[in-house]
Structure formats: structure tokens, C-alpha cells
């Protein structure tokens, strides 16, 4: 771990703001996990109480025919059809996109989390609980399920900020943006004044966003760490872990966008070049992201080959 590389990165105010905002989202995710876990269980119990026939003794009869694909799901048995109806009844976006591909419908009678994933963004099929999800997945669940009684405008404002963080090609945000983000995330947290673990993170986020991180590069005989004006010490490895987690989430987001063809190949290529250039200049970060980077590059290469092949088919052969 190279302290001087970290100091150089945080010497860029806009990158430091990006890391601060991302760190807030990590804190938000952590404080929401227990609350979400309890509420998902409560929601599932409520569904079973309202429609007892959907309970643990109900069995999917459709087998593989009841397997959803992305946003498409046509149940082939009565149990899955009734579950789909109940999920849509509680879905705020019931007439829009529902990512059924996240779910294993056969588990809906017994597994509350499989039901919850129908209210979340794409790409979560392998997630087994809130502890494995990022902030936007948990925020989307709160926003999309009518079990959660909140001001949804406040939720969508934070989701929008998160997307701006992850879609920032150069991983930078301005101080003005950060102040606006602080207002929006605090407005959201104020919706949960009766949830102790969420209340507890409010002051931590406030301190984090209003302090000016002062990086201390220690001498050889000093302890290996970075001193912050908030009065606590974060080791180089802790800051490194925060950066890695944010960059990993960014690469995973880019992968999903590429897989769903939500971005043009040249846009993916440009963003990929920026990230590779950044990691090339920051070797202390690069090693922790090799697998995610290779996965994205491999998918991008497949798309490029397919695009070239399609273009070749469309080009008429010249006559000799």
C-alpha cells in the first residue's frame, strides 16, 4: 500500500468529494441492512396472512417453465400466477419495469428475500440477503414496495445522486454537488427517526461530508495512517478498502449497462479507457480490481466482435 499515492488522489478535491459521497452510501447501506431484513420478513408474513394459500405448503407446478427472464415472466402454474398478482398489487411500478429475472418464483412461498428482489434493480439474482446488496438495491426496494411508508421523492433523490456518483466517468463531483447531496441524504434519513441504527449514522454522515479530510503522510517511525479532521484515524488500508469497494461497484454497474445494452459500445469503451488510465496511475488500487476489469473487458470485446460481424453482414459484396 502506497501512502503517497493515496495522498496524491485526495489532493484532488473533486475526487475526494467523490470518495466522500461514496463512503456515505456505504454507511447508508450498512445502516439499512438490519431494517430491511426485518421489514422484508414482516412484508412476507403479511402476504401469507392475507392469502394463506400462498404459504410454505404451496408448490410451483411449472418447474423450469415458471422461470422468468429479465423483465418477462409468464407463470405456468396457479401458485406462481397468484404470487405474481400479489407482488404486482404491492409494486409502485406495477405497470412499468419489474425485474422478474432476479427471482426464483418456486421459492416465493418460503423465502421472503426472493419476493423482495422483485422490487429491486436488475442483476441481483445471486444475492441472498440485504448484506450482499449495494445501497441502490435497498433504496429501490424501499421506493418500489408499498409496504414502506416514506416520502418517495426523498428516496428517488438519493437514488439519483447515487447514479450520478457511479456514472461519473472521471470519478469526480464538485463541492456544490456534495452540499446538495448532503441535504438530500439527510432528508431521506429523517424519514426513519424511529429506527435507532439509521438515526445513529446521521451524525457520522454529517461529520464526514462537512469535514475537510487532511491526509497525514507518516514518517517511517510513525503509525501507518491518515489523520482526518473529524478526530478519528482511518488507516491507509481502510481508505483503500472504501476506494476499492466504490470502484468495484462502478465496474459492476458498467458491466450491467453493457450486458443490458443500456450504453453504446463506444460509450463503454470511453469509460473503460478512463478507468484503465486511472488504475494505471494508481497501482495500489489496480490489483484489487483485476477480476472485475477483465470481466468487463471480455464482455466489451464480445460486443465489439458481434458489432463487426453484424456490420459485415450488412455490407453488400462488391462486384469484381
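Note: Cβ is positioned from N, Cα and C throughout, glycine not excepted.
The annotation compositional bias 'Basic and acidic residues' is assigned in Swiss-Prot to 307-320.
According to Swiss-Prot, the omega-N-methylarginine annotation covers 61. When Cβ atoms from all protein chains are considered, those within 10 Å of residue 61 (omega-N-methylarginine) total 14, not counting its own.
Positions annotated as phosphothreonine by Swiss-Prot, on the basis of similarity to another entry: 315.
Sequence annotations record features per position, and here Swiss-Prot assigns region 'Disordered' to 299-320.
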Check your understanding: Where does residue 61 (omega-N-methylarginine) sit in the DSSP three-state scheme?
Key -> coil
